[in-house]
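Have a look at the structure below, then the notes.
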Amino acid sequence: MGTVTIQLSCLRHIRKLCFSCPWEGRRLFKMLLQFHHETQRPLDPGCLLPQDAERSADQPGRAVVDFPVAAVLPAGGSGERMGLTTPKQFCSIFNRPLISYTIQAFERLPWIVMVVVVVAKDNHDLMLNIVRKFNHTKVKVVHGGTTRHRSIYNGLQAFSDSTDSSTPKPKVVIIHDAVRPFVEEDLLLKITLAAKEQGASGAIRPLVSTVIATTSESYLDHSLERAKYRASEMPQGFLYDIIFQAYQRCSEFDLEFGTECLHLALQYCGTNARLIEGPPTLWKVTYKRDLAAAEAIIKETLSVSACIIAEAEEEAVELAKTLQKNLNMMETDVIPCGKESNVQYLSKTRNFIHISASASSSLWVLEMVKCFEDIDHARLYPVVIVWVQLSMTKQSADSQETDEFMALASEVKQRNVLLYGIKIDHSKELEQWQRSLERLGQITLVLIRDRNMALTGQMLHV
């Protein structure tokens, strides 16, 4: 394929590729903005990036978790409401199943010692492959039951086997849905400490709609006063002995038709749960539109920063500084070429912009990808490299060069690195040059934010 020219009017179209239709895209975007305004902070899908977990090491209260904590993730659902043949927990975002994101939200915390994932027997091998591929080191996979409560009970029983030293009994166990990947450490800490003190705890959210009861003839019977009620959410925490005993004592009817773990602890052990207000990001991926919203949140989180690498030419350095100003919506660092192999810079972000002002070898791309592999930087999330080539004189596209770039992009894509190219012609006309610089910033931002795999290997021309 030849050089692709992208007009400014196309940028909005590229940005919406993750949504099924423009109307739905606008609705989801408004929903994300609502999350942002309610929390009064940047959108945060549960500290998805590993460096966030490292920064959290100094958070107040961490030291008080001096007892073993484990998690049980029921993941045996069929995803009927999603309307897909693949269960929703195994639907992929960036070629990575949703359940892997949820597992990481727990694994990244050093005070969580074990994550038991409960899956249907038919999905056992699939889950084991996910654990191996994404290097989940704290996970034990067990078979689920025919209902949600039976699956949770199976997960809890994994800790009761005294002969299995690899799964020691925890003091506190957290039960969480496999399709709620956006759970933050702060909430998990509150749930854990409240469970240790009270015996049981759970996250709640305000009701967004009024709940009504209907008659058998489908007439209104009565409605509940919304202000008095809350929606029960996940995660929920328990002293292990309490919740395990509750499941041992509960009836077959509870196991078959029940859905609320807090109710079992209250009814069969007399333990009244402490309820904790959760953030708006606790929502559950249930429908196709939720999967699109989850992808949008992950993209937003991965796009907060970038590293601009400038080659030695004066023109490249100046272009790097200008691009940094135009990318003011992101945190950016400008470093000279040669330092990109420094782990300090590689581990800070998953977005890299390489600027050259003369014909240069593409070997640096392979060297950079090798560095990513050495620090396991691209296993969980795709890394973006935007190669900006500044031409001081207008040149026509070279088909051999274009083919080589596409082949290189295809090679590194197998290692979860997304390579894009942008050619920008320098103009002596100030107004035209300013327009080109503006388009360069806009296209670069879109490529980083959208992470569209279909555009890898394309050399865009501004």
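Glycine too: its Cβ is placed from the backbone N, Cα and C atoms.
In Swiss-Prot this protein carries:
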SITE      R81  site 'Transition state stabilizer'
SITE      K88  site 'Transition state stabilizer'
SITE      R226  site 'Positions substrate for the nucleophilic attack'
SITE      K284  site 'Positions substrate for the nucleophilic attack'
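Known features from Swiss-Prot, placed on the structure.
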{"residue": "K88", "record": "site 'Transition state stabilizer'", "DSSP class": "helix"}
{"residue": "R226", "record": "site 'Positions substrate for the nucleophilic attack'", "DSSP class": "helix"}
{"residue": "K284", "record": "site 'Positions substrate for the nucleophilic attack'", "DSSP class": "coil"}
Rounded to a whole angstrom, what is the C-alpha distance between R226 (site 'Positions substrate for the nucleophilic attack') and K284 (site 'Positions substrate for the nucleophilic attack')? 21
How long is the line from the C-alpha of K284 (site 'Positions substrate for the nucleophilic attack') to the C-alpha of K88 (site 'Transition state stabilizer'), rounded to the nearest angstrom? 11
Quiz question: given the recorded sites K88, K284, which has the greatest number of C-beta atoms lying within 10 angstroms of its own C-beta? K88
